[in-house]
Amino acid sequence: MSTISEVGPWELGLSLGSGGPNSSRLAKHRETGQLAVVKPIVGWSELTSSQQARIEGELVLLRLIEHPNVLQLIDVISAQEQLFVVVEYMPGGELFDCMLRKGSFTEQDTAKFLWQILCGLEYCHKLHICHRDLKPENLYLDAHGSIKIGEFGMASIQQPGKLLQTSCGSPHYASPEIIMGRSYDGCASDIWSCGIIFFALLTGKLPFDDDNIRSLLLKVCQGQFEMPSNISPQAQHLLYRMLDVDSSTRITMEQIREHPFLSCFVHPNISIPIISAPIQPIDPLIVQHLSLVFRCSDDPMPLYEKLASQSPLVEKTLYTLLSRHLHPPSSAAVDRNRAVVDDLLGTAASNGQQMDEEEIEQAINIPTLAPYPISYAAESVPRPATSASPFLTPVTTSGTFNYSFNATNPQSILQRPATTSSAVPQLPKSVTPGLAYPHDSSMLSSNYRPPSALSPRNFNVSINDPEVQLSRRATSLDMSNDFRMNENDPSIVGNLAASNFPTGMGPPRKRVTSRMSEHTGNRVVSFPRGSAFNPRVTRFNVGNEQFSNNIDNNNYNQPYANATMNNSRRLRTPSGERSMRADLSQSPASYDSLNVPKHRRRQSLFSPSSTKKKLSGSPFQPKRSFLRRLFSSEPSCKCVYASLVASELEHEILEVLRRWQLLGIGIADIIYDSVSASISARIKRQNSLNLKPVRFRISVLAEFFGSQAVFVLESGSSTTFDHLATEFQLIFEDKGFLDNLELSYFQASASRPVSRMSVSSSPFAVFRQRQSVQS
């Protein structure tokens with residue numbers, strides 16, 4: 001391909017890979033100037049008919065899916081006994097490389113990425129297309145930082161009411177049901193993979209990881225992972241629901257769309273045709289292409305029968321979408337539409353009015369087939385004879401096919417070699433040379449090497465290999481600046497001129513890999529080149545950075561729609577303190593019943609904090625004594641989560657305190673403050689349980705899954721306070737309204753530095769037993 005300067009209407013330019021014959025080339029349309037990437041399939045005529053059919057089936061899927069968050073297939077051209085696939089140009093490269101450079105992302109950026117992935121994936125699921133190989137290596141960034149899903153080599157059509165059988169994907173991202181070899185729901189498995197990506201974006205590492213593949217698979221099947229304590233409760237809850245081992249109880253796409261962590265985003269309204277009437281007449285050419293997708297090329301009669309039936313079937317939907325591409329509007333119809341547009345524009349101009357594109361489309365009633373111009377649309381430049389048919393007639397030869405991912409299913413023509421066909425070792429690849437587009441270093445490359453077992457799996461650790469730094473030509477993809485590339489930039493277009501296209505790949509430019517950063521104001525500044533690399537994870541939250549117009553930075557810590565920040569809290573355990581700000585607005589009523597699987601451990605919200613700054617305005621921040629202020633000692637604090645709403649939880653706490661007061665435990669001075677929604681009381685020195693005196697406060701806060709009671713020690717014995725808070729937790733558990741997330745945490749939590757008496761030896765045990773007998 002190095003001697004080819006053009007393919008059809010596309011002028012070839014820089015090589016995006018290693019420079020070999022299988023490397024992708026940056027291309028520009030001769031007349032429209034559109035940028036694209038041309039990927040060759042060398043030896044196409046030497047493939048068997050079944051191998052060609054599988055590759056063509058993937059191309060049909062790519063052509064069917066038209067969504068802003070899915071990589072766009074532009075054209076397929078045959079020239080010089082080769083097949084050239086023209087796909088969308090993605091200046092941002094892979095999300096994987098961006099994660100290697102940046103490490104972890106803020107919750108705001110993570111939510112934006114996750115929402116875009118889910119939007120594209122939901123559109124595929126509506127077409128009954130399951131991706132089955134979602135991972136950061138298969139997600140790409142455009143010039144504006146938007147994510148697009150690519151690599152549909154393992155995608156499959158899942159008929160309604162049926163399950164998939166083939167085990168495929170990468171073990172780090174594959175769902176437990178795929179690893180265990182069971183029949184599975186492809187949509188639920190894709191949601192699991194999105195949960196792994198969600199975790200990696202937030203933390204910079206994978207939730208399930210091990211050098212031993214057997215241990216890794218066991219971890220995935222058990223679903224046990226360490227939940228980071230420095231993320232919001234909403235993010236934790238969504239992670240638990242997405243990484244549910246039981247696919248039948250795993251959160252669905254509809255529930256994810258309504259989850260508070262993502263409720264601030266507006267769901268795009270992209271319609272999909274649902275057809276019940278029989279297709280008449282049936283085009284044999286379209287059926288031939290659909291038979292590649294449904295893998296029934298040998299016997300297409302069942303496909304004809306379904307198209308002629310009276311039921312709304314997925315075959316009819318895909319037939320309708322494919323017919324729009326194979327049979328675009330005639331030139332006469334296009335000319336009539338253009339005449340109507342000119343007439344409308346002339347009338348509007350005479351009246352001193354201006355019409356936008358949406359008004360024009362509504363006036364002439366022209367359906368929009370694609371979100372942006374593509375070469376096979378009616379208004380595009382006609383293709384030459386070499387690309388008149390998007391697919392070729394299968395040719396049976398005796399050639400070899402050395403890039404199949406198993407014995408029956410060859411890999412994607414656009415797919416990276418890191419993907420495996422089943423749960424076998426597949427580690428994230430190292431940094432690849434070139435611009436890391438979705439088309440370089442494919443499985444067609446002759447110099448492909450298996451993934452190394454030492455490939456990095458922690459995205460927070462930068463790669464310090466000098467050879468890797470010299471081989472990478474992509475510029476640093478900092479989230480604040482590098483998504484500003486414009487395809488219409490004169491400097492870019494000038495470099496892509498046909499006369500300036502180099503015949504080979506020039507010397508690689510020196511790449512500066514990202515290092516651990518230091519935070520200065522609202523910018524992230526890299527250390528000098530000579531500084532030593534620090535492998536420790538460091539997180540910085542740029543509070544004033546505006547990443548998306550759809551997100552309100554002032555309200556995003558609690559991502560509800562129209563949420564407002566009105567409260568803050570500081571929590572601490574005897575092992576250290578943790579500062580945490582959270583919005584305490586009322587949550588949707590539908591989330592009172594959301595539960596988290598009991599077998600997972602809830603990480604403590606009280607891990608040590610890197611800041612000592614006080615959070616003003618907290619409704620339950622007590623006064624500190626002179627010694628506490630002198631030694632910067634914070635009071636003990638503990639949270640108990642309940643499924644009740646805040647008002648009901650307040651009533652239950654007051655009822656327990658008053659009952660204890662009647663039993664003679666020594667409870668006194670019970671005061672309810674309706675302004676701060678807190679209850680204060682104390683245990684007197686003279687009490688029937690010989691407890692040390694203590695003064696405490698209980699603040700009730702609304703959460704999206706119910707409410708929480710925050711117990712704060714104001715003065716007195718921390719041991720008595722610990723018994724008191726634990727007793728409330730046990731009472732809530734006995735009454736059945738302790739939140740499952742909190743229940744699993746208390747059951748699995750390790751011993752704390754402060755000694756805690758057992759439940760049976762607790763001073764409150766006798767009264768709890770008496771209350772159980774009475775109830």
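Cβ from N, Cα, C; glycine included.
Here is what Swiss-Prot says about this protein:
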ACT_SITE  Asp133  active site, proton acceptor
BINDING   Leu16, Gly17, Ser18, Gly19, Gly20, Pro21, Asn22, Ser23, Ser24, Lys39  ATP binding site
COMPBIAS  549-563  compositional bias 'Low complexity'
COMPBIAS  584-593  compositional bias 'Polar residues'
DOMAIN    10-262  domain 'Protein kinase'
MOD_RES   Ser309  phosphoserine
MOD_RES   Ser311  phosphoserine
MOD_RES   Ser476  phosphoserine
MOD_RES   Ser587  phosphoserine
MOD_RES   Ser632  phosphoserine
REGION    549-620  region 'Disordered'
Between Leu16 (ATP binding site) and Ser309 (phosphoserine): CA-CA distance (Å): 48
Least buried by Cβ count (within 10 Å) of the recorded positions Asn22, Ser24, Ser309, Ser311: Ser311
Cβ packing number for Leu16 (ATP binding site), 10 Å threshold: 27
Of the recorded positions listed as Leu16, Asn22, Ser24, Asp133, the one whose CA lies nearest the CA of Ser311 (phosphoserine): Asp133
Spatial separation of Ser24 (ATP binding site) from Asp133 (active site, proton acceptor) - C-alpha basis, Å: 22
Neighbour tally for Asp133 (active site, proton acceptor), based on other Cβ positions within 10 Å of its Cβ: 26
Model confidence over the domain 'Protein kinase' (10-262) (mean pLDDT, whole number): 90
Assigned element (helix, strand, coil) containing Ser311 (phosphoserine), judged by DSSP: coil
